[in-house]
Amino acid sequence: MPIKIDKKLPAVEILSSENIFVMDDDRADHQDIRPLNILVLNLMPQKMVTETQILRHLANTPLQLTIDFLYMSSHQSKTTRAEHMETFYKTFDEVKNRYFDGLIITGAPVEHLPFEAVDYWEEFQQVIEWSKTHVFSTLHICWGAQAGLYARYGVDKHQMTRKLSGVYSQSADSNNLLFRGFDDEFYAPHSRHTEVLKEDIVNLTNLEILSYGEDTGLSVLASRDLREVYSFGHMEYDRDTLSKEYFRDLKAGKNPHIPENYFKNDDVHETPALCWSSAAALFFNNWINYAVYQETPFDWENPENDASYFAYL
């Protein structure tokens, strides 16, 4: 099924060329079903790249979705034109009185900062608090996962001895609906300087550890009801994303390590193998289906009329 987005969004042309079905308001309004409303808090610097990556996976689900993008008004993007943000993004003030079936919080390149030093931290905390009563399920990605854990539970991140960069094998708890249809292990890209410790999750939260890797440590956590999902990897990444990050850091004189298990024979001039797209598609599909669609209240405009709303509060 399609995703419903602004037909002028740059990602539309890319997705259409990949035979991914997108529709505009006119066509969607003639379908007599309620689409799921998904909000994406895009904290990544290359907004349009991340938009396309996220939308590619959301469009793979068998349900109609209406997508809105959110940005932090307390932060000014230095890499995306203001016109793009004003046209395709909403501020928190514009959405705070609405209800959403799902929220995706992306990563952000601010790991080197304490959470409180991030210029939009106060606004981020407001979004997390608001999501507890206005969003049915939230999927946090990479820094977004670390920040969500800190905001909700006080679980802090820890500096790693070297950047974790590459494609790694992780376990999958196939007994959990998020990993239904997965093999015992799957591959996913990781790109981060910090980590969350297993003992902190065990001691400070009631979250379940659903995926763990020898190299990655914690990979995916979730609450028992799947209203909170935390993924420390980047399953949404394109084939060449880690490559672009590597050459960017190399050009900046950071002397980066070659991403592990990525380039054939560690030859940076080889085209990287893509070995995670099927797992990524299944993960996003499972999140939409099992964490959102099958549980979310039907009448978000008047949630007091839906008994399931009171069941999860």
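Each residue, glycine too, has its Cβ placed from N, Cα and C.
Sequence-distant neighbours of C142 (active site, acyl-thioester intermediate) (same chain, 6+ residues apart, CB-CB distance under 8 A): T106, G107, A108, S191, R192, S231, F232, G233, H234. Swiss-Prot lists C142 with the feature active site, acyl-thioester intermediate, giving sequence analysis as the kind of evidence.
Secondary structure at H234 (active site, proton acceptor), taken from DSSP and collapsed to helix, strand or coil, is coil. Here Swiss-Prot flags H234 as active site, proton acceptor.
Annotation comment: Swiss-Prot describes E236 as active site, evidence class sequence analysis. Here E236 (active site) comes close to T50, Q53, I54, R56, H57, I141, A280, F284: these same-chain residues lie at least six apart in sequence, with C-beta atoms under 8 angstroms from its C-beta.
Residues or ranges marked as substrate binding site by Swiss-Prot: K163, S191, R248. Taken residue by residue with DSSP, R248 (substrate binding site) is part of a helix.
Other Cβ atoms within 10 Å of the Cβ of E111 (site 'Important for acyl-CoA specificity') number 19 in total over all chains. Residues annotated as site 'Important for acyl-CoA specificity' in Swiss-Prot: E111.
Summarising the annotation, Swiss-Prot assigns site 'Important for substrate specificity' to S191. For the recorded site, S191 (substrate binding site), the DSSP three-state label reads strand.
Looking only at the recorded positions H234, R248, the densest Cβ neighbourhood within 10 Å occurs at H234. Taking CA atoms as the reference points, R248 (substrate binding site) and E111 (site 'Important for acyl-CoA specificity') are 17 Å apart.
Between the alpha carbons (Cα) of E111 (site 'Important for acyl-CoA specificity') and K163 (substrate binding site) lies a span of roughly 11 Å. DSSP assigns C142 (active site, acyl-thioester intermediate) to coil, not to a helix or a strand. Whole-number maximum of the Cα to Cα distances across the substrate-binding residues K163, S191, R248: 14 angstrom.
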